[in-house]
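Peer 1: To start, I am sharing the structure in question, which I have written as structure tokens.
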Amino acid sequence: MVNVVLGSQWGDEGKGKLVDLLVGKYDIVARCAGGNNAGHTIVVDGVKYDFHMLPSGLVNPNCQNLLGNGVVIHVPSFFKELETLEAKGLKNARSRLFVSSRAHLVFDFHQVTDKLRELELSGRSKDGKNIGTTGKGIGPTYSTKASRSGLRVHHLVNDQPGAWEEFVARYKRLLETRRQRYGDFEYDFEAKLAEYKKLREQLKPFVVDSVVFMHNAIEAKKKILVEGANALMLDIDFGTYPYVTSSNTGIGGVLTGLGIPPRTIDEIYGVVKAYTTRVGEGPFPTEQLNENGEKLQTIGAEFGVTTGRKRRCGWLDLVVLKYSTLINGYTSLNITKLDVLDTFKEIPVGISYSIQGKKLDLFPEDLNILGKVEVEYKVLPGWDQDITKITKYEDLPENAKKYLKYIEDFVGVPVEWVGTGPARESMLHKEIK
């Protein structure tokens, strides 16, 4: 059994909390894409664990965790995150963590060129805006992967005669091509090389053939949960390109990032924030550049876990959610942070786009169009009630249930979980048929 948790908007929907809720039922949690450019916090017994690259399944002492071939790995950050989690009391994490031998490596010079590229792009753009990269080197690493010049985990840990020398030569060549492109930026190659010589020995025990790992688990009928990174609207193909990440963050990325066939997928859980946020630049049709946006930002504590950047806030965009549903095929939804809307008397939701008076049939691929659309809103009544202490779905205010029902009816997917507060137990389950 393979079930998948995916973000349906622009990220930061609260995927980690749902994964945390579910991991007790699973034998394996796997990540399939991205790197340490995303982040979420899980609270267990009053202890906060910040995850960026590593799977959230580490909070379950009986769960194995895999970084698949689609993930890009900055090895120093891998160990730093692991050590930070261990220092907070995470038990036997090292024996439960595995890394695909096919995953690509992120080097520090990828991070340097990430920022240089961002400056270059902002200088070229008409409005001076940049993509809003986290600066973690993710984009440049996927770029070297696509150009077939990147280095993978197996290149680093290979013990065969001459393998280390080949790694050094390829590493140096990769650095030189970056310097040819971006100038002679500061980078101590010899010091980094010495660091990686130590790290390769530390990394070896974690490395597995992830294809064999996954297929053996599937054959053994293990329960597997795939933890998606980022979200559909940041997908390299289906997101608001070019204001996207560099990987496939939808259901397609699950298959290619773990090497599993489509028929192995059972349930696909779409995580949806009860309003909409995004970090960085790019079109955002329902954004509220007013007191409503500020109120959502303040009550929702909308700051990025990885970057600390303030998130842009707006009303729930059902055009986005319907588009996301078409691509990912969600079998049920998790609506998060519903409590943030508690004090709003009226709650608009975006239900259609039009441009120059003409209604659009679907979410547009052209950002020149998307940036000019007018949003039609359906205004729903608020519930003006604190829902953070409610423990059963049935006890939610009627208007809160109507809000959720409107979402269900619009996208044609049932709501199965509802987040009503930051605590681990603040997640209501709704039976679905």
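Positions of Cβ are set from backbone N, Cα and C atoms, glycine also.
Dumping what Swiss-Prot says about this protein:
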{"type": "ACT_SITE", "residues": "Asp12", "note": "active site, proton acceptor"}
{"type": "ACT_SITE", "residues": "His40", "note": "active site, proton donor"}
{"type": "BINDING", "residues": "11-17, 39-41, Arg311, 337-339, 419-421", "note": "GTP binding site"}
{"type": "BINDING", "residues": "Asp12, Gly39", "note": "Mg(2+) binding site"}
{"type": "BINDING", "residues": "Asp12, Glu13, Gly14, Lys15, Asn37, Ala38, Gly39, His40, Thr134, Arg148, Asn230, Thr245, Arg309", "note": "IMP binding site"}
{"type": "BINDING", "residues": "Val305, Thr306, Thr307, Gly308, Arg309, Lys310, Arg311", "note": "substrate binding site"}
Peer 1: Any same-chain residues 6+ apart from Gly11 (GTP binding site) with CB under 8 Å of its CB? Would you list them in sequence order, or say none?
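Peer 2: Correct list: Ala38, Asn230, Ala231, Met233, Leu234, Arg278, Val279.
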Peer 1: Between the Cα atoms of Leu338 (GTP binding site) and Arg309 (IMP binding site), what distance do you get, rounded to the nearest Å?
Peer 2: 22
Peer 1: Work through the binding-site residues one by one (Gly14, Gly39, Gly308) and point out the residue whose CB has the fewest other CB atoms within 10 angstroms.
Peer 2: Gly308
Peer 1: In the structure shown, with every protein chain counted, which of the binding-site residues Lys17, Lys310 has the densest set of Cβ atoms within 10 angstroms of its Cβ?
Peer 2: Lys17
Peer 1: Which entry in the list of recorded positions, His40, Arg309, has its Cβ near the fewest other Cβ atoms, using 10 Å as the limit?
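Peer 2: Counting other Cβ atoms within 10 Å of each of the recorded positions His40, Arg309, the minimum falls on Arg309.
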Peer 1: Near Arg311 (substrate binding site), how many other Cβ atoms are within 10 Å of its Cβ?
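Peer 2: Total other Cβ atoms inside 10 Å, all chains included: 21.
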Peer 1: Compared by Cα position, which of the recorded positions Asp12, Lys17, Gly308, Arg309, Lys310 is the closest one to Gly39 (Mg(2+) binding site)?
Peer 2: Asp12
Peer 1: Tell me, by DSSP, whether Arg309 (IMP binding site) is helix, strand or coil?
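Peer 2: It is coil.
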Peer 1: Helix, strand or coil at Leu338 (GTP binding site), per DSSP?
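Peer 2: Helix, per DSSP.
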Peer 1: For Asp12 (active site, proton acceptor), which of the listed recorded positions (His40, Gly308, Arg309, Lys310, Arg311, Thr420) have their CA atom within 10 A of its CA?
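Peer 2: Among His40, Gly308, Arg309, Lys310, Arg311, Thr420, the ones whose Cα sits within 10 Å of that of Asp12 (active site, proton acceptor) are His40, Arg311.
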Peer 1: In which DSSP state, out of helix, strand and coil, do we find His40 (active site, proton donor)?
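Peer 2: For His40 (active site, proton donor) - judged by DSSP and reduced to three states - the answer is strand.
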Peer 1: Using the structure shown, find which entry in Asn37, Thr41, Asn230, Thr420 (the binding-site residues) has the sparsest Cβ neighbourhood within 10 Å.
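Peer 2: It is Thr41 that, of the binding-site residues Asn37, Thr41, Asn230, Thr420, has the fewest other Cβ atoms within 10 Å.
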Peer 1: Can you tell me how far the Cα of Thr41 (GTP binding site) sits from the Cα of Gly308 (substrate binding site), in Å?
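Peer 2: With distance taken Cα to Cα, Gly308 (substrate binding site) is 13 Å from Thr41 (GTP binding site).
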Peer 1: Pop the Cα-Cα gap between the residue listed as 'active site, proton donor' and Lys310 (substrate binding site) into the table, whole Å please.
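Peer 2: That comes out at 15 Å between the alpha carbons.
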